[in-house]
Amino acid sequence: MSEHSTTPGTGPDLTGVENTVGPTSDTVKVEQAAAESERTSHGGGLMSGAFGRNIGLVVALLVICVVGVATAGDRFASVDNLVTILRLASIVGVVSIGMTFVIISGGIDLSVGAIVALASVWASTYATQNMAEDTSWLVMVFVALAVGGACGLVNGVLIAYGNVVPFIMTLAMLASARGLAEIISERRTQIVRVEGFKDFWSADVLGIPLLVVIFALVAVAGWLLLNRTTFGRRTLAVGGNPEAARLAGINVKRHTTLVYVLVGVCCGLAALMYLARTSTGSSTHGTLLELDAIAAVVIGGTLLTGGRGTIVGTVFGVLIFSTLSNVFVLNNQDSSTQAVAKGLIIVVAVLLQQRLARRSVST
Amino acid sequence: MRLRTTTSRQKSRRYPGLVVGAVAVLALTACTGSAEDAANDDNDSSSDAAPAAAAGSNDESGDTVTIGFSAPAADHGWMAAITNNVRDLADQYDDLDLQIAEGTNDVNLQISQVETFINDGVDAIVLLPFDGAAMTPVALKAMEAGIPVINVDREFDDPNAARVTVLGDNYGMGVSAGQYVCEQADGNTDAVVAEIAGIDSLPLTQDRSQGFEDALAECGLDVDARQAAEFTVESGEEVASNLLQAEKKIDFLWNHDDDQGVGVLAAIESAGRDEFTMIGGAGSANAMREIQDGSGVLKATVIYPSTQGADGVKLARLLVQQKAMSDLVEVEVPREVQLFAPVVTADNVDQYIDSAFES
């Protein structure tokens, strides 16, 4: 997968038009101003800049792997351990792919963790499971995806047509979806007892756990969707400059809605993966998942202001986090040190990306 | 149709990444909010140390045992003490190689920690699950891989998923608190009894309240006012303020949890109430200091041992070294150990204060 193809190419300068969909806080304006001034000091091609960003991610992941091998040796560099890392990455990964689209479109979704919780609970209630036992476990799959999609639809419609700022709308969804999950489950953990579901979802495909396969498929599908379809190009356009996108004939409101439905469906899928991995549905599933997903997307080089971002970068971002936490466990580090180190590594990764990007821009 | 954005606009946005990175740092570190508390606990850890058991042949150094330990995030004084006690225990045995995984409230991450232990081929896994049912599949996987799992505090939903289970006694806590109230009421069946519970939907809270109710019924008392808080200082303060407003005269108040009790005591103080006897729960060090001091309303607390994790590790060590609990005749480590929930009052507080946890 090449980074080059994810860049939308050149076009007329439309930066003057205010972004009306994305976050419009003061910080964003300051960032834009800072970015403006930097633009004047550097010429050069965008391609190389974007390429540099991914080089930074590769370097960061390699460094973590080298640390892993150096400190844990074969315990790190084994197939079993690789599978463990990928399994950990898969749930966050699926959500992060969806989140990438939302952020590229200039929005944000803080409600992903809560939607995962709600979908996992809804798909594992007595009623749903009874129906699934009478018919097919696909009922649970349908319920989870439908609940996720419906939450995304509510987010999207209110953001696009109700003009609620994404941050606020999804914050409201975060609170209410988790609250609803608690009401439905009475804050109890619901155990999955549909054998067909458990058998299918815990299976391996050619020795690879199904969860990892799903993550890979979603990543590939996300890459194709972003880089090879009108939907992807529209997402970039809407995030880059919604007004220009509207003038270019894109139905910005409808597109924004669709993007939130997309991330909602990803959350439904992640909920199914939680059901498979834990054999339970719970209102506590996915707690703080939104932060992990946003961090992975941003580390991956997607701009919080929208208009630019890559699926490859997001996948790297997810892998960096899960590999990190694996290396920490292997090295028996306590949680406080880990938290500090994690934060430092985020900053270093971002700085590294910037340096490399700048260097490749100026040469 | 032009669907493209501009070159310059895109490459111009480099700094946001940095800002975001910084925000992410804050966010990530905030996730382990009690890191500081845990560190503080470490500083005065002499009071936290698991009480050294009487030296016996079981404590003599044996084959080195590698134990993986995983527990939820230390976002509560009791939970922080669980992990600290485990660390202190590991320092006491030179044949114990302890691997402690990051404290997390994310079951996905906790599962992966246990998977890492399995890959590593540790000798035993001591697990205090964030959610017992959700950790059952991976615990079963460990047992199938021949690694004994010691389940602490929150039970799996499959008995095959653990070799040993170490539990506190939630129902017993309620019974102990209720019996203490009965004792103090001394036959007065008109006494007004209030209860501030923890998170109401948790089975452990329901067990505690049931035990309390059952014990009170023995002496003809019942709970006149009951509110549920959420194990946090803020929620304790809020719920207690409302309760005190509603009940103008109370004789006994049982608060399930000493962490939220800090807030409850603050509310009592600001309401200027002192006509009743308060009983705490869990057994934090500051609650015990309050009991020792004796001038406030808090006269007793019921212990929910924060040494369960350390007990789990000790049992895991015995299990792997093929020793038994030397005070039992039985030659194997038992299947289940349930800890006692004693009442701490001014009379016996000296006996417990050293093993109490700082909230």
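Note: Cβ is positioned from N, Cα and C throughout, glycine not excepted.
If you look up TrEMBL, you'll see A:1-23 marked as region 'Disordered'. Per TrEMBL, the feature transmembrane segment maps to A:55-73, A:85-104, A:110-127, A:139-161, A:205-226, A:257-276, A:311-330.
With a threshold of 8 Å between CB atoms, the same-chain residues lying at least 6 positions outside the transmembrane segment (A:139-161) that come near it are 21, 107, 109, 111, 115-116, 118-120, 122-124, 128-129, 131-132, 169-170, 173, 177, 192, 194, 197, 252-254, 256-269, 271-272, 275.
Taking pairs at least six residues apart, the transmembrane segment (A:311-330) and the transmembrane segment (A:205-226) share three or more Cβ pairs below 8 Å and count as touching. Using a cut-off of 8 Å between Cβ atoms, the transmembrane segment (A:110-127) and the transmembrane segment (A:55-73) share fewer than three residue pairs, counting only pairs 6 or more apart in sequence.
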